[in-house]
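A.B. asks: Structure below; questions to follow.
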Amino acid sequence: MSSAMATRLSDLFGNSRIISGLLVNLLSSICIVFINKWIYVHYGFPNMTLTLIHFLVTWLGLFMCQKMDIFSPKSLRPSKIILLALSFCGFVVFTNLSLQCNTIGTYQLAKVMTTPVIIVIQTMYYRKTFSTKIKLTLVPITLGVILNSYYDVKFNLLGMIFATLGVFVTSLYQVWVGAKQHELQVNSMQLLYYQAPMSSAFLLVLVPFFEPLTGDGGIFGPWSFQALVMVLLSGVIAFLVNLSIYWIIGNTSPVTYNMFGHFKFCITLLGGYVLFQDPLSLNQGLGILCTLSGILAYTHFKLAEQEEGKSRLTQRP
């Protein structure tokens with residue numbers, strides 16, 4: 001571990017407010033994966049409808065935050081964020097479909113491919129440059145994901161299609177969020193405050209075409225009280241995930257959040273094998289280790305480059 005990373009971690013754990021934020025994010029991020037998987041496996045709740053409920057609860061939560069003066073809304077033209085709202089729908093729906101069809105291990109590793117895809121998009125369309133060291137870390141990341149997916153005994157072709165679409169749309173969304181925040185001069189919460197209701201409206205129109213409204217499997221079907229409680233709980237936790245992500249990035253940095261993400265990655269993988277008895281072959285284990293080494297190397301080099309850039313700025317006359 002580099003001295004820069006060690007210093008940053010010691011600073012983090014010396015701040016009780018940041019520790020609290022990290023704990024909220026840790027618990028909510030892990031819980032949302034397991035609760036959603038539980039809802040799909042044990043209740044068969046429709047995917048797009050669950051996503052719609054997440055969006056509505058997130059918007060309601062942000063509305064309450066705005067009323068409590070946690071942030072100030074900023075008026076935005078709908079035409080400026082329509083593509084962002086559509087990509088927001090796409091990435092949540094496809095990643096949830098990936099979770100529904102794949103094992104938790106494959107779902108988690110597929111999400112890691114977002115980093116390489118973002119780098120490709122930024123290089124090709126935004127003319128952004130990355131160092132050779134950063135590009136080389138993408139090799140073990142990609143190789144590990146391929147190894148895990150290929151040797152997954154519960155391999156699901158439809159699940160892999162959803163995972164691939166999820167990675168692509170998530171990457172676009174993350175790139176566009178950064179670009180739109182800069183273009184519109186808004187923070188993440190202000191952007192999400194306008195995105196969430198617009199994305200809800202899109203899904204409200206689409207749900208009747210893809211999922212039943214009544215009867216078994218429909219939103220107005222004969223759901224048990226336990227199923228409805230779990231769905232509502234899932235929505236509240238989804239809001240906590242979004243809120244804590246923005247709080248952590250706002251009070252630390254995206255790199256710190258990324259570093260913390262590796263810890264969540266390991267715990268979620270372990271939980272999938274314990275709670276859902278997902279089988280794990282030796283080759284899958286090697287794939288997971290390969291991917292984990294790649295993302296740790298990526299974080300190390302990214303952090304070192306940022307520290308180097310800061311030192312250059314301070315040394316300028």
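Backbone N, Cα and C atoms are what each Cβ position is placed from, and that goes for glycine too.
Caution: TrEMBL annotation is automatic and unverified by curators.
Copied straight from TrEMBL:
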- 21-39: transmembrane segment (TRANSMEM)
- 27-298: domain 'Sugar phosphate transporter' (DOMAIN)
- 45-65: transmembrane segment (TRANSMEM)
- 81-99: transmembrane segment (TRANSMEM)
- 105-126: transmembrane segment (TRANSMEM)
- 133-151: transmembrane segment (TRANSMEM)
- 157-179: transmembrane segment (TRANSMEM)
- 191-210: transmembrane segment (TRANSMEM)
- 225-249: transmembrane segment (TRANSMEM)
A.B. asks: Per-residue pLDDT averaged over the domain 'Sugar phosphate transporter' (27-298) comes to what?
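C.D. replies: When the pLDDT values over the domain 'Sugar phosphate transporter' (27-298) are averaged, the result is 82.
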A.B. asks: Would the transmembrane segment (45-65) and the transmembrane segment (105-126) count as touching if the test is at least 3 Cβ pairs under 8 Å, pairs 6 or more apart?
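C.D. replies: Contact criterion not met.
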A.B. asks: Against the transmembrane segment (191-210), which of these stretches has the most C-beta pairs under 8 Å: 21-39, 81-99, 105-126, 133-151, 157-179?
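C.D. replies: Result: 81-99.
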